[in-house]
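J.: Quick one: the structure is below, questions incoming.
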């Protein structure tokens with residue numbers, strides 16, 4: 001094998017030596033391609049696995065933790081929620097519409113492959129500076145393309161996209177982040193797993209035909225960008241949501257039978273990863289007859305068939321004798337379905353082309369025992385330069401308030417979420433635009449499931465460990481503010497180039513923060529994804545661990561809003577304000593800096609707040625609640641009253657006027673009627689949570705917070721109209 005071919009497959013000299021040892025000979029091109037894909041960062045998690053192993057993954061309500069297509073938790077009365085978040089960053093930067101669309105398609109397949117009907121989607125989007133003279137126009141193009149791709153796929157599939165977050169920062173100028181989350185619901189006893197066992201059991205290919213799109217996608221997603229990356233468009237897969245809709249319905253019909261042993265979607269590395277993962281998890285071997293693959297293009301080679309990432313395809317291990325019945329279901333839905341192999345006990349993948357053996361590879365070294373790297377780490381040098389920076393006000397709070405409310409990181413994103421169908425399936429209780437977590441009704445048991453997606457990249461830049469822990473806490477707090485109990489998380493860890501020791505240090509610290517927070521807050525990790533190499537021309541993104549928290553409220557009718565719908569409601573701030581301005585939005589807007597050093601998270605205070613919100617809502621004491629986040633109580637209150645029909649007369653009583661922009665954790669704003677105040681304050685005392693009265697909601701169309709005063713019309717214009725103008 002010549003060195004250029006090996007290099008083109010991103011195989012190092014050390015890895016090639018391992019390949020020679022595993023095979024006992026030189027690989028052929030097909031085998032090299034397969035091993036390259038399975039050992040890519042995207043498929044093997046070789047740089048990250050050692051840090052992920054310490055995550056807490058168990059709890060009485062966890063049915064399935066990491067290692068399957070998606071995580072599963074018990075949501076009561078025999079029902080389960082199946083969910084996962086993952087990235088499609090690199091493809092979305094190269095081809096925003098197709099990249100984002102297939103990102104949605106991939107995560108939907110991960111969920112319905114487990115036997116669940118998908119009932120909700122969320123997304124976390126990070127773009128570059130839309131005001132930048134050089135790249136602003138391109139960033140707007142990316143925003144529009146990505147949003148269009150997500151809405152097209154989700155809407156066509158009939159899956160409601162009910163929430164998300166969108167942030168902008170120059171650190172994403174060269175690498176945008178597109179993280180998609182999906183949640184499905186099924187009976188706890190009806191979950192299907194990705195396994196291939198039972199010697200002689202048939203392996204069946206179902207779904208769309210295989211083309212050349214997406215070739216080398218897993219390897220491409222395991223590398224950083226440079227000038228040549230513009231030619232990578234052919235590696236972006238093309239999605240067809242209508243085919244996926246048929247595939248989902250066919251799979252859900254199949255799941256009502258007892259015809260199959262296991263099922264796996266063909267995602268990154270296509271047929272390669274699905275076959276190796278199924279056999280690897282089961283300790284089996286497999287024979288695949290590649291010439292039987294349904295092909296969209298003529299003249300395709302075994303190499304192309306094994307590595308194509310054409311969308312809307314699944315691999316099924318059926319019970320012997322049931323092949324025809326499985327095929328009949330997929331034919332009914334107008335999809336391809338062919339027996340293309342069988343399970344063996346050899347522990348090897350045997351690849352045939354017109355009955356000739358063209359590839360023979362041991363499965364375990366590519367799946368369960370793929371190489372794990374221990375990359376060097378070193379604390380980033382910039383941390384010593386930024387840690388002592390202190391924020392001081394340089395302009396009036398009214399001026400800053402206006403600048404912040406109309407900033408693209410805070411203002412309303414109706415331009416984005418209006419393109420998503422959030423009400424299809426008629427289960428949505430609280431969707432995008434209503435602040436905080438999104439909520440769906442589970443008709444089968446009367447409960448509701450709340451979900452929130454969260455990542456503040458600036459905080460992770462300032463302190464990677466505490467920043468990641470804060471993402472876990474913040475996502476959970478948003479769920480708690482709906483009245484639900486946070487139960488578990490899914491994570492999508494977006495970082496720069498792992499070959500840079502400083503990036504690897506950030507990653508290790510981020511994992512430590514997630515591990516600590518999940519343990520202390522009792523929200524185990526049940527699924528996730530790692531996206532590395534988010535770097536262009538040597539510049540990495542800020543560390544961005546996206547966290548989705550999922551919780552359950554036993555009675556869907558008790559779901560809390562985040563808006564004040566009545567006058568004369570008492571407005572309270574819960575939790576302590578500690579003056580946290582490090583990495584804050586007010587610092588970024590006023591000083592154009594991301595600096596400081598974060599305070600440790602007080603887990604007891606965070607949990608006490610969650611427990612108080614849950615108990616107070618169970619006792620019907622609250623009218624509304626919202627987590628305090630970016631921009632402090634100033635922005636939280638502004639947004640709550642912007643989406644409300646009433647005005648506000650509020651006083652913070654802070655000694656320092658800048659404290660309204662403080663971003664301390666473990667805080668929430670609540671609204672309650674005066675007759676419930678005493679009972680609530682007694683309860684807050686019981687839980688050890690400080691409650692500070694800020695004022696009341698009023699019938700006057702006016703917003704007042706300390707020295708800040710605006711008419712309701714001015715407030716609404718700043719919040720609702722700004723982004724539409726900025727994105728044009």
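Positions of Cβ are set from backbone N, Cα and C atoms, glycine also.
Not my notes, these are from Swiss-Prot:
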type	residues	note
ACT_SITE	42	active site
ACT_SITE	88	active site, proton acceptor
BINDING	45, 84, 491, 528	ATP binding site
BINDING	86, 529	Mg(2+) 1 binding site
BINDING	87, 88, 89, 90, 109, 237, 309, 310, 311, 531	substrate binding site
BINDING	110, 265	Mg(2+) 2 binding site
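What does the local environment look like for each feature on the list?
T.: Residue 42 (active site) carries a helical DSSP state (H, G or I).
Classification of residue 88 (active site, proton acceptor) by DSSP places it in coil, neither helical nor stranded.
The 10 Å shell around the Cβ of residue 86 (Mg(2+) 1 binding site) contains 26 further Cβ atoms across the protein chains shown.
Taking Cβ-Cβ distances under 8 Å and a sequence gap of 6 or more within the same chain, the neighbours of residue 88 (active site, proton acceptor) are 99, 100, 102, 103, 106, 178, 179, 180.
In the three-state DSSP scheme, residue 110 (Mg(2+) 2 binding site) falls into the helix class.
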J.: How big is the Cα-to-Cα gap, in Å, between residue 84 (ATP binding site) and residue 42 (active site)?
T.: 16
J.: Of the recorded positions listed here (42, 86, 110, 265, 311), which is spatially closest to residue 491 (ATP binding site) when Cα positions are compared?
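T.: It is 86, whose Cα lies nearest.
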J.: Whole-number answer please: how many Å between the C-alpha atoms of residue 89 (substrate binding site) and residue 42 (active site)?
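T.: So the alpha carbons of residue 89 (substrate binding site) and residue 42 (active site) sit roughly 12 Å from each other.
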J.: Identify all same-chain residues not among 45, 84, 491, 528 whose C-beta atom falls within 8 angstroms of the centroid of the ATP site's C-beta atoms; report them in sequence order.
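T.: Once 45, 84, 491, 528 are set aside, the remaining close residues are 52, 66, 85, 86, 490, 492, 493, 525, 527, 529, 530.
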J.: If we check Cα distances from residue 45 (ATP binding site), which of the binding-site residues 110, 265, 311, 529 wins as closest?
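T.: If we rank 110, 265, 311, 529 by Cα distance to residue 45 (ATP binding site), first place goes to 529.
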J.: With every protein chain in view, what's the tally of Cβ atoms within 10 Å of the Cβ of residue 87 (substrate binding site), excluding that atom itself?
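T.: Excluding its own Cβ, residue 87 (substrate binding site) sees 27 Cβ atoms within 10 Å.
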